[in-house]
Each structure stands twice: as C-alpha cells, then as structure tokens.
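Visitor: Pasting the relevant annotations from TrEMBL:
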{"type": "DOMAIN", "residues": "2-98", "note": "domain 'Pyrroline-5-carboxylate reductase catalytic N-terminal'"}
{"type": "BINDING", "residues": "Ile6, Gly7, Tyr8, Gly9, Ser10, Met11", "note": "NADP(+) binding site"}
{"type": "BINDING", "residues": "Asn56", "note": "NADPH binding site"}
{"type": "DOMAIN", "residues": "159-261", "note": "domain 'Pyrroline-5-carboxylate reductase dimerisation'"}
Amino acid sequence: MKIGFIGYGSMGSMIINGLLESQALKEENVIISNRSLEKLTKLKLKYPLIEITDDNKLVGKKADRIFIFVNTGLVKKVVEEISSHESSNMHIIHIAAGLTLPTLALIFKGKVTRVIPSVTSLGKKGISLMHHNELVKENEKKFVEDLFGVISQVKIIDEENFEVATAITSSGPAFISFIMARYAYMATLYSEISLEEAQDMVKNVLDGTSHLLCQGYHFEEIVDRVATKGGITQEGIDIMDSKLEDMFQELFKKIEAKNEEIKLRLESDYRS
C-alpha cells in the first residue's frame, strides 16, 4: 500500500516537500491528491515517480496511511470520501485545528493521529505536537513520529493540552515575529536607523539569544546578565513586567474561547 496525502496548501506542501527532500519517503510509494492538479505540477516534475490525482477516493483505495492536510472545514468531506474504502488498517493523520479525536470518531471509528506542526519546520526546526488514539499500534506510532521527526522535534502530549501548547509551538513564531517587527519599527522612530538595519539587528539578536538558550542558558539567566539593577535594560524590563502579564492573560483567554467555539461547531457538524 502507498502513503497517501490529501491537500497541498501552505502547511501540506511544506511537510510533503520536507519528507521527500530528506528521502524519508520513497517517491514511488507516495500518492498525493489536491483539488487543483496544477499545484502539483512542479512537484511531479521534481519527483516523477509520485502519483498525483484530484480524486480523494483513489487515495483511500490505494493508501492505508493517509495524511489529511486540508482546511479544518473540509476534513469531514474528505474523511467521508476515503472511508468508502475503509479497512481495519486505515490510519488517518490530520493537522486540522480544533478537530479533536472524539469528534472525528463520530464519523470514523478507526486509527487516528492528530498532529499540530509548525512553520519552523521549513528550517527543520520547531516542534510537532502529536497524540494518537488507542487504536494506533506501536509500530504505526513510530512510523508517524519518525516521519515528523525528520522535519521537527516530536512531542507527544495529552490532547487536552493541545490548545495551549499550540499557542506556544504553532502560533508562537507569528507572535514572536509580530512583536519583534514592531520593536524594530519603533527603534526607527527614535533614531536615524533604517527599518532594514533595525530588522537585521533584531534577526541577529533573536538568533544569538536562541543559540544561548539551546546551549543551556535559562531565560532568567540571560535577563540577569543584561539587566543590571538601576540600569537602562532594567528600565525596559520593568515596563514589560508591568504590562505583559495582562496582555498574555487576555491572549490565552481569547485563544481558549476561540478554540472552544471551533470545537463546539465541529462537534455539531460531525453529529449532523
């Protein structure tokens, strides 16, 4: 049986290309379905042995491990299409935000793995959150974990913690980029530094700080090394300390509410 992929959007294309480039998958063992075959043209030219189609049912027929990379709102339709060929060996792996295993179980009773990847996998970095249902066997868990381990670090967590963990690992790159972009821009308002120069400085600071953290330095240790009592940096730390807690509390409350809204809507849809 082949390994099936359905959906070739931003995240799907990143994962598929990463797995093929690393040779974690043999191209002749891969079948990919996408609504627009035109989007798969370049991939087919690069990997001529892959099979491409716009028929999800064909993927369900030819593959027993199927990765679903479509938008959350389309997952139900896709699962219903491939389930027409459902076998006891079918293993669905999806990356849909808000779609819990119990909700998906309303229409699919088989093996399911839920994954939340990160855009940082573009650089073979970051974390892929993962949770398997009780039907997934150990060798099947290892297969999926090893694949995502090629493009990221895999972290197995309880599904009840997915939303908060996602805010860190998946939304985090966007939050950090947004904050640092504003930081760089504000620096230009108080100097003659160009935006390009400020952004370059910020990128290097992020890279250097990340390197220290990965070497074993703690966040607090880095702060203490730079922010001396009564100094300039400490003034900035004091301002952040007075405002950031409220901001992050509101952020997590908003995220929690949005996730709950999505989960309830999906559960209602899958019950109908």
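Placement of Cβ uses the backbone N, Cα and C atoms for every residue, glycine included.
If you look at the structure here, what lies around each of the features I listed?
Guide: The Cβ of Gly7 (NADP(+) binding site) lies under 8 Å from the Cβ of Ser33, Asn34, Ile68, Phe69, Val70, Asn71, Leu74, Val78, each on the same chain and at least six residues away in sequence. In the three-state DSSP reading, Gly7 (NADP(+) binding site) counts as coil.
Cβ neighbours of Asn56 (NADPH binding site) (same chain, under 8 Å, six or more residues apart in sequence): Ile6, Ser33, Val78, Glu81, Ile82.
Per-residue pLDDT, averaged across the domain 'Pyrroline-5-carboxylate reductase dimerisation' (159-261), gives 97.
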Visitor: When DSSP states are grouped into helix, strand and coil, how many residues of the domain 'Pyrroline-5-carboxylate reductase catalytic N-terminal' (2-98) land in each?
Guide: 46 helix, 22 strand, 29 coil
Visitor: Based on DSSP, tally up the residues of the domain 'Pyrroline-5-carboxylate reductase dimerisation' (159-261) by helix, strand and coil.
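Guide: Summed over the domain 'Pyrroline-5-carboxylate reductase dimerisation' (159-261), the classes give 87 helix, 0 strand, 16 coil.
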Visitor: Around the NADP(+) site formed by Ile6, Gly7, Tyr8, Gly9, Ser10, Met11, which additional residues qualify by having Cβ within 8 Å of the site's Cβ center?
Guide: Gly12, Ser13, Asn34, Phe69, Val70
